[in-house]
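Per TrEMBL, the features are:
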BINDING   10, 11, 12, 13, 14, 15, 127, 178  ATP binding site
BINDING   31, 36, 57, 58, 59, 85, 86, 87, 88, 92, 139, 150  AMP binding site
REGION    30-59  region 'NMP'
Ligand code: AMP
């Protein structure tokens, strides 16, 4: 099973992807997590990506295409994977199409979580408050300004992907404002 989750930051892509990893025994590949790990380890990629990420802007297509291509060659991706946060631009989607073709692989579905932006800002504030209350570390891009910047980046660069995948006939849209269980049930129906 090879899936892509589309949706703005805070839409619940990560939450849904995690649930599916257990059900299908396939990994969730979050480019955001991979980049944050690279920043934490101060690798070459991490050093190049940090300032861009902190500003809520997108890291270059070249960097993310390469990390995804390497990652899907790993043995744990043999049965499939869930892409969360990638592709994020039309050129990334085109690069992914080519990458999968060259590896002899096909996508099963692209699931878009539709959400209301004002509600997303409230969700982000709650997530920060909960993280602080439980003694966790708040992401350096989880502040209202960077978050709004990420939403703008989404609208301008990622939203056009819906059209790309609608044209290929792979796009499935789910109401991301419903509660977690209801969203999961909708996704299950699509994948059944
Ligand atoms: P996320 O955890 O998916 O919200 O990603 C956090 C940050 O990582 C984003 O704001 C971007 O700076 C960067 N990032 C993650 N995935 C991508 C991608 N596919 N293309 C470009 N930048 C990305």
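Count begins at 1; order follows the chain as displayed.
Placement of Cβ uses the backbone N, Cα and C atoms for every residue, glycine included.
Feature annotations (TrEMBL) mapped to structure.
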residue: 10; record: ATP binding site; CB count, 10 Å: 25
residue: 14; record: ATP binding site; CB count, 10 Å: 18
residue: 15; record: ATP binding site; CB count, 10 Å: 14
residue: 31; record: AMP binding site; CB count, 10 Å: 21
residue: 57; record: AMP binding site; CB count, 10 Å: 15
residue: 59; record: AMP binding site; CB count, 10 Å: 19
residue: 86; record: AMP binding site; CB count, 10 Å: 22
residue: 127; record: ATP binding site; CB count, 10 Å: 16
residue: 139; record: AMP binding site; CB count, 10 Å: 17
residue: 178; record: ATP binding site; CB count, 10 Å: 15
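In this structure the alpha carbons, written CA, of residue 139 (AMP binding site) and residue 11 (ATP binding site) are 16 Å apart. Burial estimate for the binding-site residues (13, 88): highest at 13, by number of other CB atoms within 10 Å.
Closeness to ligand 1 is met by 31, 59, 88, these being the binding-site residues among 31, 59, 88, 178 whose Cβ falls under 6 Å from the molecule. Spread of the ATP binding residues is 17 Å (greatest Cα-Cα distance among 10, 11, 12, 13, 14, 15, 127, 178). Following the DSSP three-state reduction, the secondary structure of residue 178 (ATP binding site) is coil.
Taken residue by residue, the region 'NMP' (30-59) breaks down under DSSP into 21 helix, 1 strand, 8 coil. Residue pairs drawn from 31, 36, 57, 58, 59, 85, 86, 87, 88, 92, 139, 150, the listed AMP binders, are separated by up to 24 Å at the Cα level.
A simple way to gauge crowding: the CB of residue 11 (ATP binding site) has 25 other CB atoms within 10 angstroms, across all the protein chains here. For the recorded site, residue 10 (ATP binding site), the DSSP three-state label reads coil.
When pLDDT values are averaged over the region 'NMP' (30-59), the model yields 94. Other Cβ atoms within 10 Å of the Cβ of residue 12 (ATP binding site) number 21 in total over all chains. Separating the Cα atoms of residue 86 (AMP binding site) and residue 178 (ATP binding site) is a whole-number distance of 23 Å.
Under DSSP, residue 88 (AMP binding site) is assigned to coil, being neither helix nor strand in the three-state scheme. Comparing C-alpha positions, residue 14 (ATP binding site) sits nearest to 31 among the binding-site residues 31, 57, 59, 88.
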